[in-house]
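I have placed the structure first, in the form of structure tokens, so that the comments after it can refer back to it.
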Amino acid sequence: MTPEAERWFAARSWQEPSWSVERLAPLKGRTRVSVVLPALNEQDTIAPIVTALAPLADPGGHRPPLVDEIVVLDSGSTDNTRERASRAGARVVSREDVLTEFEPRAGKGEVLWRSLAAVSGDVLVFLDSDLVDFDAGFVPALLGPLLTRPEPVLVKGFYRRPLRLPREGLQQAEGGGRVTELLARPVLSAVRPDLAGVIQPLGGEYAARREFLEAVPFAPGYGVETGLLIDAYDRHGLDGLAQVNLGVRKHRNRGLLQLGIMSRQILAAALSRTEEHPHPAEASGGSGAEVSYTQFVQLESEWVPHEQAIPTAERPPLRSLRESQAR
Ligand SMILES: O=c1ccn([C@@H]2O[C@H](COP(=O)(O)OP(=O)(O)O)[C@@H](O)[C@H]2O)c(=O)[nH]1
Ligand SMILES: O=C(O)[C@@H](COP(=O)(O)O)O[C@H]1O[C@H](CO)[C@@H](O)[C@H](O)[C@H]1O
């Protein structure tokens, strides 16, 4: 690691975060906290996650709530995600119901961008909706640095990541985070060496200040975490970042071809933040920007190319959007 990355890793990594809900809730003051769950067809896992979160938003009068709202941002689900999330107690927002002047685009980045206009939090906590054996302790741990220190704008979780591939009969205690280890960490070490100390740069569990989130573009699809991480570093330096140990994170592990598409989106977000590439938010606000990506599948004895368009246009910073609309 660079000396700066080493310094940051030692000073801003909480290996055993001890912030309790009881201790943090009174520290909130007037700060509002929104938990956002992006969800695309997560009917099998969304309800247990929302149920586990519910006591954080309704402590039964014993103390002020740590969390002010739990919102599922639905990404065009065609299963029972919305119904089950709502029945479990979440407020459900469909992507087409917020920032309605924009035609909804596919992808995780789109719903995270729209969540800024759907929730009221000064601090947002993002959690994936495919988590298994979810521990609500993720939330106070992620909020700890943001509610007790002024510097961080983005707090990332890190964890042990089991890998479960049922079709292959594979279940192991390690091995998850395949795109992190094979693409994101190598690319980040090349384009932003000081970020080498971030243990889980792609992790979907993180918390951030609204002020930061509204000031930066949102990369499309699975590039969103990469874009936010680099932009937080570029705008606030390493001290704008922190990371907390969340223990273990089990989720649905996708197949290799799906991770290939994810990788191309992550690479687009990283490359767009290097000198050789104009920033897509300025370069092409339209939804037209995309790159062609070819993968190969074997049909009987023949290998066949499968080409698809990977969107690269980023959503503009919400603040600049509002400023231009106000003019
Ligand atoms: O178009 C999409 C793709 C994903 N997601 C959500 O984003 C999170 C992370 O996606 P996924 O689990 O596919 O990524 P992985 O964890 O496998 O890398 C999950 O809650 C998904 O439901 C979404 O809201 N819209
Ligand atoms: O970290 C990773 O390598 C990928 C894939 O994880 P697995 O190999 O399926 O455990 O998962 C992450 O990547 C996505 C893109 O950034 C995030 O959106 C997901 O939340 C995160 O799970």
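Numbering starts at 1 and runs along the chain as it is shown here.
Cβ coordinates come from backbone N, Cα and C, glycine included.
Across the range of the compositional bias 'Basic and acidic residues' (316-327), the DSSP-based residue counts are 9 helix, 0 strand, 3 coil. Annotated compositional bias 'Basic and acidic residues' per TrEMBL: 316-327, in sequence order.
Here TrEMBL flags 34-151 as domain 'Glycosyltransferase 2-like'. Across the domain 'Glycosyltransferase 2-like' (34-151), DSSP assigns 44 helix, 22 strand, 52 coil.
According to TrEMBL, the feature region 'Disordered' maps to 304-327.
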Open item on the list: Six or more residues beyond either end and a Cβ under 8 Å away: which residues meet both conditions relative to the compositional bias 'Basic and acidic residues' (316-327)?
Closed with: 113, 116-117, 213-217, 281, 285
